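Undergrad: Before we start, here is the structure in question, set down as C-alpha cells.
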C-alpha cells in the first residue's frame with residue numbers, strides 16, 4: 001500500500017447511498033442502449049394458429065401446403081424463379097428452409113379472394129393486414145429471416161409488397177413522432193403457377209369472390225334495413241319535438257293568456273242594430289233629435 005492509498009478513506013458497505021460509493025443512476029428504459037442489458041421480454045401468450053379441417057379440404061391449400069413444407073427437397077422443381085434471383089448463381093438454401101417453416105402460417109392467413117395476407121371484417125367493411133412479427137413468432141423464426149424471405153420472393157416476382165409508414169400521435173424524448181410501418185404482402189399468379197397449382201388457384205379465387213360478394217350483399221341489405229329504421233325513428237322524434245315546440249309556443253303567447261272578462265271591459269257598447277256606434281253616428285242621432293224637438 002502506498003502513501004496515496006492511505007489517504008483514501010475506506011468505503012462503508014453498510015452505509016446508505018449518501019456515504020461511500022454513489023448509487024448508480026436510474027436506467028432510462030427508452031434508451032436503445034439500455035435494451036442491451038434489459039431482461040428478456042417474456043413471449044406473448046397466444047394460441048398458435050394451424051390449418052383447420054375445412055381449410056385442408058380446399059385442394060389449393062392442401063396441395064400448396066404439401067409442396068411448400070417440402071421445399072428444401074423439391075428445390076429446382078418448383079419456384080424456379082426464387083432459385084435464380086442472383087443471376088447465374090443459385091440462391092442459398094436458407095430461403096427455402098424458411099419458406100418450408102412458414103408455409104402453414106402463410107396459408108392460414110391467406111385471403112383467397114385477393115391473395116393478400118390479411119382478412120376482411122365483413123360487418124365493418126374494413127380489411128386488416130397480418131403482421132410479419134406474428135407470422136414469424138408462430139413459425140419459430142426471426143422477423144429478420146421472414147423479411148429476407150419476402151424480399152427474395154419479391155425480387156423473383158412471386159410476391160407483391162407495398163410498404164407504408166404511418167405517423168403516430170405518440171412522441172419520443174426528442175419530440176419526434178413515432179412511426180409504424182405497415183406492409184401489404186400479396187401473392188401473385190406467378191407464385192401459384194410455378195408451384196404447379198394455377199388452375200386450383202383460379203378456381204379457389206373465383207369461389208372466394210362469389211362467396212364474398214354474397215356476404216357483402218347480405219350485410220348491405222341488413223345495413224339498409226337498419227338505416228331505414230333509424231331514419232324513420234329520427235323522423236318520428238323530429239315531428240314529436242316540433243309538435244311539442246308548437247304547443248309550448250301557444251301556451252307562452254300573451255294573446256292566448258288574456259281573460260274574457262278583461263276583454264269585455266274595453267269593448268264598446270253595442271247598438272240595437274248590432275255593431276259598435278262611432279262618433280259620426282252619435283252626432284247624426286243628436287242632430288235628428290234636435291230637429292224633432294224644433295218641429296214639435
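Keep in mind that glycine also has a Cβ here, set from the backbone N, Cα and C atoms.
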Undergrad: Between 176-229, 230-283, I'd like to know which one TrEMBL lists as region 'Disordered'.
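TA: The listed stretch tagged region 'Disordered' in TrEMBL is 230-283.
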Undergrad: Using DSSP, tally how many residues of the compositional bias 'Basic and acidic residues' (230-253) sit in helix, strand and coil.
TA: 23 helix, 0 strand, 1 coil
